[in-house]
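K.L.:
Have a look at this one.
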Amino acid sequence: MKARIVTLPGDGVGPEVTAAAVAVLDAVAAHYDHTFDYEQHLIGGCAIDATGEPLPADALAACKSADAVLLGAVGGPKWSDPSAPVRPEQGLLALRAALGVYANLRPLQVHPALTALSPLKDDKLRNVDVLFVRELTGGAYFGAKTRTVDTATDECKYTVVEVERVVRRAFELARGRRHKVTSVDKANVLETSRLWRSTVQRIAADYPDVKLEHQLVDSMAMLLLTQPASYDVVVTENLFGDILTDEAAALAGSLGLLPSASLGEGARGLYEPIHGSAPDIAGKGVANPVGAILSAAMLLRHSLGLEEEAGAVEAAVEHVLEHGPRSRDIGGDAGTAAIREAVVAALDEHVANSEAFFSGARACG
Ligand SMILES: NC(=O)c1ccc[n+]([C@@H]2O[C@H](COP(=O)([O-])OP(=O)(O)OC[C@H]3O[C@@H](n4cnc5c(N)ncnc54)[C@H](O)[C@@H]3O)[C@@H](O)[C@H]2O)c1
Ligand SMILES: CC(C)[C@H](C(=O)O)[C@@H](O)C(=O)O
Ligand SMILES: [Mg+2]
């Protein structure tokens with residue numbers, strides 16, 4: 001197949017991990033006879049430096065006409081002055097809104113070879129397989145903001161339509177998994193959460209085969225640490241989802257491991273690791289590219305419909321996590337490029353083995 005992919009490497013470690021993800025996509029294209037055309041654009045702090053805008057018009061136009069968008073990270077200390085008129089993160093939020101990608105899928109799995117890095121003991125980590133579905137284009141991130149010398153406000157607003165579409169997506173996804181949805185809110189305090197909960201209850205009636213439970217976000221933060229294996233699909237609003245998924249990443253062993261897919265109504269999606277620009281390690285060539293590479297696998301699956309290819313990338317990453325090399329954040333000393341090469345080599349081997357398997361099967365009749 002032919003696909004147009006816009007890359008937005010962004011700031012800090014963004015370019016380092018995006019280059020690794022693109023190398024893996026190139027290997028996929030070569031093995032499976034696809035053509036991926038890339039168009040690279042600016043977003044975030046580097047875009048502010050070059051154009052004064054965190055999301056230049058040509059970058060947005062390219063994203064809107066692409067089949068998929070692969071993003072690294074935005075932000076960093078250079079642009080973090082609280083009095084700055086424009087911030088890198090505004091570019092990312094504007095992009096998410098403009099693409100209408102309201103459902104942010106953030107899968108959490110704990111690789112058996114990495115359990116020693118987790119704050120939890122092995123027995124708690126067995127069978128951890130959670131899919132967070134974070135609402136991505138509403139809530140406090142997008143409400144009206146006010147600021148005077150001594151007061152600031154961020155309006156948190158949700159409409160029924162905004163809640164309904166992301167919750168339906170969560171129930172649909174649960175049907176392809178273990179048929180359980182945990183809806184996380186703060187309905188004991190927040191009006192938006194009461195709207196959220198009543199909407200979830202109404203939608204749940206359309207999915208009698210899916211078990212629903214509600215959890216308040218404060219106790220959910222605790223339960224994620226005490227019984228992570230009891231969750232299947234977790235759906236929640238924008239800010240709660242942001243916070244809970246960084247907590248989830250710690251269970252996996254590193255923030256550098258978790259990917260994400262942001263989806264709307266069509267096939268086009270925005271794919272990015274859940275971590276940020278990691279200013280403390282940027283430019284050193286040591287960032288873990290696994291979250292970005294697994295985001296590329298999600299791109300293959302969700303935007304291009306290439307399930308086999310996505311599975312091959314995931315198998316290659318599994319192999320590298322098990323046998324090494326490993327980056328510093330997960331206890332090794334390999335750099336980003338070495339991990340990238342190891343994933344590409346594991347992919348080569350995976351494809352060769354699959355071909356041998358299938359030609360063997362054909363030979364057997
Ligand atoms: N999607 C995004 O673009 C995104 C996401 C989160 C944060 N940010 C931005 O990134 C900047 C820095 O934020 P922060 O420091 O709070 O969070 P961060 O995710 O950048 O880093 C937190 C910690 O995790 C480590 N880490 C992150 N990614 C890693 C990787 N791939 N490999 C190894 N270690 C990794 C960092 O070194 C750091 O110690 C801020 O400007 C923030 O707004 C952007
Ligand atoms: C950079 C920031 C706007 C972003 C968010 O809060 O959504 C990040 O933390 C994320 O998780 O993608
Ligand atoms: Mg975040």
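Placed from the backbone N, Cα and C atoms, the Cβ positions cover glycine too.
The annotation domain 'Isopropylmalate dehydrogenase-like' is assigned in TrEMBL to 4-343. Here TrEMBL flags 76-89, 276-288 as NAD(+) binding site. Summarising the annotation, TrEMBL assigns substrate binding site to Arg96, Arg106, Arg134, Asp218. What TrEMBL lists as site 'Important for catalysis' is Tyr141, Lys186. Annotated Mg(2+) binding site per TrEMBL: Asp218, Asp242, Asp246, in sequence order.
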K.L.:
For the recorded Mg(2+) site, enumerate neighbouring residues of the same chain (Cβ within 8 Å of the Cβ centroid of Asp218, Asp242, Asp246, site residues themselves excluded), in sequence order.
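P.N.:
Apart from the listed residues, the neighbours are Val217, Ala221, Leu239, Phe240, Gly241, Ile243, Leu244, Thr245, Glu247.
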K.L.:
Compare all C-alpha positions of Arg96, Arg106, Arg134, Asp218, the record's substrate binders, and send over the largest distance in angstrom.
P.N.:
27
K.L.:
In the structure shown, which of the recorded positions Arg96, Arg106, Arg134, Lys186 has the fewest other Cβ atoms within 10 Å?
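P.N.:
So among Arg96, Arg106, Arg134, Lys186, the recorded positions given, the one with the fewest Cβ atoms within 10 Å is Lys186.
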K.L.:
Nearest of the binding-site residues to Tyr141 (site 'Important for catalysis') by CA-CA distance, picking from Pro88, Arg106, Val286?
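P.N.:
Given the candidates Pro88, Arg106, Val286, the nearest one is Pro88.
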K.L.:
If I take the alpha carbons of Asp246 (Mg(2+) binding site) and Arg134 (substrate binding site), what is the distance between them in whole Å?
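P.N.:
About 12 Å separate the Cα atoms of these two residues.
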K.L.:
If you compare CA-to-CA distances from Gly76 (NAD(+) binding site) to each of the recorded positions Arg106, Lys186, Asp242, which comes out shortest?
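P.N.:
Out of the listed candidates, the nearest Cα belongs to Asp242.
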K.L.:
DSSP secondary structure for Val286 (NAD(+) binding site), reduced to helix/strand/coil, please.
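P.N.:
DSSP call for Val286 (NAD(+) binding site): coil, neither helix nor strand.
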K.L.:
Given the binding-site residues Asp218, Ala278, Ala282, which lie within 10 A of Lys186 (site 'Important for catalysis') by CA-CA distance?
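P.N.:
Those close enough are Asp218.
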K.L.:
Taking the Cβ of Ala278 (NAD(+) binding site) as the reference point, list residues of the same chain whose Cβ is under 8 angstroms away and which are at least six residues distant in sequence.
P.N.:
Gly12, Val13, Ala73, Gly256, Ala287
K.L.:
Asp218 (substrate binding site) to Pro88 (NAD(+) binding site): how many Å between their Cα atoms?
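P.N.:
Cα to Cα, Asp218 (substrate binding site) and Pro88 (NAD(+) binding site) are separated by 29 Å.
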K.L.:
Closest to Arg96 (substrate binding site): which of the binding-site residues Ser80, Ala84, Asp242, Ala282, going by Cα position?
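P.N.:
Comparing Cα positions, the closest of these binding-site residues turns out to be Asp242.
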K.L.:
Which binding-site residues out of Gly76, Ala84, Asp242 lie by ligand 2, going by a Cβ under 6 Å?
P.N.:
Asp242
K.L.:
Val286 (NAD(+) binding site) to Arg106 (substrate binding site): how many Å between their Cα atoms?
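P.N.:
Answer for this pair: 23 Å between alpha carbons.
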K.L.:
Work out how many Å separate Pro88 (NAD(+) binding site) and Asp242 (Mg(2+) binding site) at their Cα atoms, rounded off.
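P.N.:
The Cα atom of Pro88 (NAD(+) binding site) is 17 Å away from the Cα atom of Asp242 (Mg(2+) binding site).
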K.L.:
Going by Cα-Cα distance, pick out whichever of the binding-site residues Arg106, Arg134, Asp242 is nearest to Ala84 (NAD(+) binding site).
P.N.:
Asp242
